[in-house]
Amino acid sequence: MSATLSPTQSPRTPKRKSSTRRGRSVSHLPPVQSQEAHDAALCAIRNVLKGRTCYDAFPVSFRLIVLDTKLNVKKALQCLLLNGVVSAPLWNSEKSKFAGMLTVLDIIHLIQYYYDNLNYEAAAADVETFRLELLRDIEKSLGVATPPMLKEHPNSTLYAAARLLIQTHARRLPLLDYDTETGHEVIVSVLTQYRLLKFISINCTREIQQLHLSLRKLKIGTYVSQTPPEIPEGHNPYWPIATATLNTPVFDVVHMFSERAISAVPIIDDDGVVVNLYETVDVITLVRLGAYQALDLTVSEALNQRSPDFPGVVICTASDSLGTLLQLIKKRRVHRLVVVEGEDEEKKGGKKGRLLGIITLSDVLRYLIGGVDIGEAVGSNEEIPSCTEKVSSFEVATS
């Protein structure tokens, strides 16, 4: 089902259509939630990944954008926007060598540096000549960690690639081969978390149908602390989740992105109801418009400049399952889900639509690949999810 999320409107669930009574109707009871079937399905999914290589996850047709480290940031950003991507491998042409990845977080760090150290005129002039190879110096200046230089061979198994993504907390993995004549590195492609999970959703349909346990039971994702004494004094009541309101200055959100290495912050109203989501790509829109230092505007004002083709905010409840999520990934591009209170919580005195947590693709992949042995008692975010077939229970909202 779908609903509309705008800066001033919270998600609403359409009313159910009245049902008519029919003879011998199909049962709508939920499938039996068998732990044994769940564990067996997870084993099967992992075995599929162990038997397939990264090459197998490549789409039939794709384009690869590679940026030279001598390119200035402004031209690089224009290239990303023109091609509809938010990251690209970097290439050192002097050494004929892979030089890492350019991601949205790099641009966030640059914006924060400009905001802290330069006036608007100086920033606008500097960005015209600032080269990609200097981005690591910006990270050192801000005191943020330098991203690891990850790479993997395309013939590596998908399971090995997935474990590397989990171990390094990376969202994408460059795949490199070597030219047999020159011995130089060749960038073949980039494996993303989304591409890996979509491969699973397409090729493990039968296994996914066996994963019926709820997200609530599996504890996939990050959730609002239920123990008030643990919440640091002066912090928001939705700790440890970073949140903002429509009146929050954009730079405050940019600081959250940089400090916590996250890519999205839920926008909530006074009751904690999710009304929107501000993402790192929204900041890039401001940069494209030349607003390198105009970050004192509010989130509400910034959202008015958001691209009209924004795909929307995907919301779910804790009673939904991973199978439903994987089926959704098969149908459309999803990078995260905001977990909100549903009808069950409302009956217990909660408020429908109030923020409960966030589930990222990292959370889902970590659970599927497994940080613990199969069958171990579920009790940490490093364990493994389950699935159903109620895609309609996920709400896709557009602004």
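The backbone N, Cα and C atoms fix where each Cβ goes, glycine too.
Copied from TrEMBL, the annotated features are:
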type	residues	note
COMPBIAS	1-12	compositional bias 'Polar residues'
COMPBIAS	13-25	compositional bias 'Basic residues'
DOMAIN	145-208	domain 'CBS'
DOMAIN	235-297	domain 'CBS'
DOMAIN	306-374	domain 'CBS'
REGION	1-33	region 'Disordered'
DSSP residue counts for the domain 'CBS' (306-374), split into helix, strand and coil:
24 helix, 17 strand, 28 coil
Under DSSP, the domain 'CBS' (145-208) has how many residues in helix, strand and coil?
26 helix, 17 strand, 21 coil
In the domain 'CBS' (235-297), how many residues does DSSP put in helix, strand and coil?
20 helix, 14 strand, 29 coil
For the domain 'CBS' (235-297), what's the model's average pLDDT?
86
